[in-house]
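Trainee: For reference, the structure I am asking about is given below.
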Amino acid sequence: MATSLRKPTLTSCSSSATETDDEGVRGTCEDASMCKRFAVSIGYWDDPYIQHLVRLSKERKAPEINRGYFARVHGISQLIKAFLQKTECHCQIINLGAGMDTTFWRLKDQGLLPSKYFEVDFPTIVTRKLHSIKCKPALSKPILELHSEDTLQIDGHMLDSKRYAIVGADLRDIPELEEKLKKCNMNTQLPTLLITECVLVYMSPEQSANLIKWTASSFGTAMFINYEQVNMGDRFGHIMIENLRRRQCDLAGVEPCQSLESQKERLLSNGWETASAVDMMELYSRLPRAEVSRIESLEFLDEMELLEQLMQHYCLCWATRGGGELGLKEITYSSVQGSS
């Protein structure tokens, strides 16, 4: 059962609101979720929650894709843990474009929950995730265990509890985004970690700049993590763009994705004080050897060159603002080298 008699219950409220989303961009959420689900199913990393949110694809994913997702999940996880350690978990995390991400549940298992964890995505994606949360005790029970009120009211596109909130909003509409987060008790005085994974690239450069400016100006002590494409001006990058375009998914914000320097400059020019960036092949080469040996034994990779090409076209960036007394600026490249 999702709850005991002394715990609150999830109560659904009717909602007549309708939203229209970019179908191509929504499709990338589905693709990424299914890739992660497949990689977990063959042992790349442990995630007992993704099975409750994402179906297992019958189609086998290529080894280079699985290794790429491992590096992505590992790198982001290490940066999150570094931030939580610096703030001693007295902070909030806001995942912008969270999709079917399971970080909240995994952090709870590890005893590393922040004061509050927020997720934002397209309303239709949030509705789907909320349905899974309501129907799957493995997802609802951890939320309810941390909640002290009698009931949780859920409308079609929002859930707010003591330690976890999920809201449906368009990240290009900053006033709406801010209003909905504040309704869920976002605290601008708390140290805040903001995360975007392959999100900014689907907005125009102006729209992503506005979102980055809002994140930098809203929180006095903060860190921003961005995972997305890089080195997109070469032939391989052009092929990636064209392949997505054929699926009605245009990379409207590819301009800042030309190099690691352009990625850092976007953050620095929009209010962040420090910025670092590394391409995923470099990150992969610095992973703990024992972990690399373990994942490379899971399946045979025919062409290392293809893995290198792919991972040289994605990067992990992080930026900080304030937090001198916490040592946020000390979160450097070594932070993503630790073991899982």
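Quick reminder: no glycine exception, Cβ is built from N, Cα and C everywhere.
Sharing the record's features from TrEMBL:
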REGION    1-24  region 'Disordered'
COMPBIAS  9-18  compositional bias 'Polar residues'
BINDING   Arg72, Gly97, Asp170, Leu171, Glu197  S-adenosyl-L-methionine binding site
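Mind running through what each feature is packed against?
Mentor: Note: Leu171 (S-adenosyl-L-methionine binding site) has non-local neighbours Leu96, Gly97, Val120, Leu177, Val199, Met203, Gln207, Leu211, i.e. same-chain residues 6+ apart with C-beta under 8 A of its own C-beta.
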Trainee: Take the Cβ of Gly97 (S-adenosyl-L-methionine binding site) and count every other Cβ within 10 Å, whichever protein chain it belongs to.
Mentor: 22
Trainee: Using only the residues recorded as binding S-adenosyl-L-methionine (Arg72, Gly97, Asp170, Leu171, Glu197), report the maximum Cα-Cα distance in Å, whole number please.
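Mentor: The S-adenosyl-L-methionine-binding residues span at most 24 Å between Cα atoms.
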